Amino acid sequence: MTEKITPEVVAQHGLTQAEYDEVKRHLGREPNLTELGVFSVMWSEHCSYKSSRVHLKTFPTSGPRVLQGPGENAGVVDLGDGLAAAFKMESHNHPSYIEPYQGAATGVGGILRDVFTMGARPIASANSLRFGDPSHPKTAYLLEGVVAGIGGYGNCMGVPTVAGEVMFHPSYNGNCLVNAFTLGILPADKIFLGTAAGVGNPVMYIGAKTGRDGIHGATMASAEFDASTEEKRPTVQVGDPFMEKLLLEACLELFKTDAVVGIQDMGAAGFTSSSVEMAGRAGNGLDLFLDQVPLREEGMTPYEILLSESQERMLLVAAEGKEDMVRKICTKWDLDVAIVGRVTGTGRWRAHWHGKVVADLPVDPLTEGAPKYQRPMTPHPALPALHAFDLSTVPEPADLGDTLLRLLARPTIASKEWVYQQYDHMVRLVGAVRPGGDAAVVRIATGDERHAGKGIAISVGANGRYCFLDPHLGAQHAVAECARNIACVGGEPIAVTDCLNFGNPEKPEIMWQFAECVRGIGDACRALGTPVVSGNVSLYNETEGQGILPTPTIGMVGLLPDVEKTCTSAFKNAGDVIALVGTLQGEVGGSEYLSAEHGREAGHPPALDLAKEKAVQETVRRAVREGLLSSAHDCSDGGLAVALAECCMMHGVPAGAEKAPWIGAAVRVPFPARKDFVLFGEDASRILVSMPKESAARFVALAQECGAPVIRLGAVGGDTLEIQGALSVPVAELAKAWRDGVPAVLRRDVGHAAASGIAREPQEPLP
C-alpha cells in the first residue's frame, strides 16, 4: 500500500503523534500503511496494556498450585492427582454495546478458545454483566441481546453456563459490560503454550476462513464511544459456534499427537497479534505468506488479512515434518488448514504477499518494547463530599416490610432466573447445584478414579459503587465476596482471574481508581492465598465523556475434595436453627438500600478485616465439609433482610408451578443501630446459615475454634418471614416481587418499575 501517512491517518489508527514518532524511531524510516496498521493494534490498550502494565506487575502471581500464570492464553492451576484447570475471564464490552447478540456470542467464543488453546477441554462458563438504568430505552434491548448471544453460543458448544451476576446502574447506560469466564480441565503435564519455537518449523493456519469482519476491533476496544457508535457495527465480529465446536475437537485431537510446538488463538487483532505474540514469547522471528491464508471474501488486501478478527481461527506452529498429520486431523474435522509461514531466527516479523514483502518489522517493539505509561493519578474530586455525607440524616422508612419488597424487586437484587433459563446449565451433567446460589459447583468427570468425587467451585463478582467510593477497599470486597461464596459451598479458594473495566485512563482520577483497585485486589489475594493467574483490562468504557463505575470483576476458582459434601443457599427444614456468622454493625455506606430508597450513593463502603474474613470463611467451609449445615448464604447486596428473604424463597420451585413450597423463618435480630441500617446495611464478612438443632453446639464450638463470631437469630418454619419488632411479610409476596424484577425490565414496564422502586434512579448519582 502506498497511501500517504498523514497526521489524520495516524489519528485514525489510534496512535498519538508521539507514538508515531516512536514507530519511526524503531524503524529508522516511515512505515507503510500495513505496518502502521500492525503497530496500531499491537500498541492499542487492548493488546499492549500500555497504561496498566506497570500496575499489573504488582499482583501476586505465584503459589503452590500455580502451573501457568499471567502472560499466556489462560492461567493454569494444579488440582492434584495429575489434573489441572485452565481458566480466564475476558471482556467484550464495546462490541456488545454496538451489536449485543454477536458481541456477547463472540466474547464467549473467544474465551473458550483461550482455554482450549492451553490443551484443556472447557467444562463450565460464567459471566458478569452490567447494564444501565432499568428504565433506560436501550437497557432491555441490550439485556435480551447479550443473554441470547451468550446462551446461543455456549449452548451450541455444549459448555454449560453455571454461574454469573447481573447488575444495573445508570453509569452503564452508554456502555454495558460483558465479562465472560471459562474453565477447562487438562492433564497437569500437558500444557500447551503460544510460542513460535524451533527455527524452520512451519506456521499453520487452522479453522474458519478469513473475512473482513472485526477489522480494527482491538483499536475500537481501546477508544471511548461517541455519537458515531452505531457506525462501528462492521468492527464487531460474527461467530459460528458450530465451526468452533469442530475447531475445539480438532485441537484436542492434535494435542494427543507430537505435532504441536505452539498454538495461539486468533483473537483481538487476529493474525497480527497471534503471530507477533508467538514470536515474541519465543524470541524468534516469523516469515508469513499472506497469499496462503484461506479467505472467504474476494479482493482482500494484506492490511485486511492481517487485521481481520474473523472468529474460530487458530495459528499453530507444528514440528517440522508433522505437517501432514496436522492436515489430516483438520481435514477430518472439516476445517481449513494451510501452511502460512515459517519460524526464523531473525527476530523480525515479515509479511509476504505474492512474493513481495509488504511489512518488515522488528518483533520486540511490537511486544515488550511497546509503550508503557505511568499516567498521572489523582483521587476523584467528588469523594470528600461523598464521604462527608451524614448518614444519620437519612429518614427512617415508615414500613420496613414494604422497603424489603421494593429492594427485592430491584433488578440488581431480584431473581436472575430469567437469565439462567436461557443457558443450558445442565449439559454434560457437570453441575452439582442449580444456578442462582452463591457459587457454582462443577463435578470433575475424567473417568480416572483419582479424580472421582472432586469438584470445582466458581464465583464471579464486583461492586462498582464500592469501588467508586473507595477503590482500594471496594476491590478488596470483590475478592473477599468471591472467596466467601466459595466457602458457602464448602470450597477452598485457590486462584483468581480478573477483568478490570474502567473509563478513560488519560483522566487522572480514572487512572487513580485503576491503580487503587489493582492494589486492593493484590492485598486481598495475598491475604486469602489466591494468586492472580490470568486476566484482562478493558479501558475507555465511556460514552461522550461519561464513564462507567470502576468495575474490577473477579473470577475465583475453588476446590472441593468431595462434591457430595456441598451446601446450597435455601432454608430446607422446619425447626432448623438460623445463625449469622459475623457481626451486625448497620453499615449502609454505598449500599443498595441507600441508593434505591434514598437516592444517595455516598459514605464509605463497609469496613473489611481480612483476618476476620478468613475466620468466617474457615468456619463455614469446615462446617459444610463436616455436614453440619442445611444452608449457607453470603450476606451482601441488600443486607441481612434480603439474605433472609432469599433463603426462604430459594426453597421454592421454578416460577410458573402451581404450588411453590416456600418456607418461612422467624428471627429476633439484635439492633445495635437503627433498624433499617441493621437490616439493610451490607456489613462485610457475614454468612447466614441454618442447621439441625443437634448440630448447633458443634457449630458454635467450631466457630470459636476458628475465631469467628456467631449470632443465633431464630428458626426456619411457617410461610412468613418475621423479623420480630421490624417486619412480617408472607414469603409468597416476597417471591412475587423478587421474581418479577427482571421480567419487568424486559416488558419495559416503566409504570410497574417506578411503583416497585426498581427504576428509581438516584437523585444524586455518582459523578
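All positions are counted from 1 along the displayed chain.
Cβ coordinates are placed from backbone N, Cα and C, and glycine is handled just like the others.
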Further ATP ligand in Swiss-Prot, beside Tyr49, Lys88, Asp498, within candidate set Gly14, Gly461, Gly464, Gly535: Gly535
Listed co-binder of substrate (same site as Ser91, His92, Asn93, His94, Arg113, Glu309, Ser310, Gln311, Ser538, source Swiss-Prot) among Gln17, Gln237, Gln374, Gln476: Gln237
Asp498 (ATP binding site) and Ser91 (substrate binding site), distance between Cα atoms, whole Å: 10
Those residues of the chain, 6+ apart, with a Cβ under 8 Å from that of Arg113 (substrate binding site): Asn73, Glu244, Leu247, Asp265, Gly267, Glu312, Met314
Residue, out of the recorded positions Lys88, His92, whose Cβ gathers the largest set of other Cβ atoms within 10 Å: His92
Cα within 10 Å of Tyr49 (ATP binding site) - qualifying recorded positions among Glu90, His92, Asn93, Asp114, Glu309, Gln311: none
Cβ atoms near Asp265 (Mg(2+) 2 binding site) (within 10 Å, other residues, all chains): 30
Those recorded positions, out of His46, Glu90, His92, Asn93, Glu309, Asn536, that come within 10 angstroms of Asp498 (ATP binding site) at the Cα: Glu90, Asn536
Cβ neighbours within the same chain of Glu90 (Mg(2+) 1 binding site) - under 8 Å, at least six residues apart: Gly107, Gly110, Ile111, Asp114, Asn179, Ala180, Cys499, Asn536
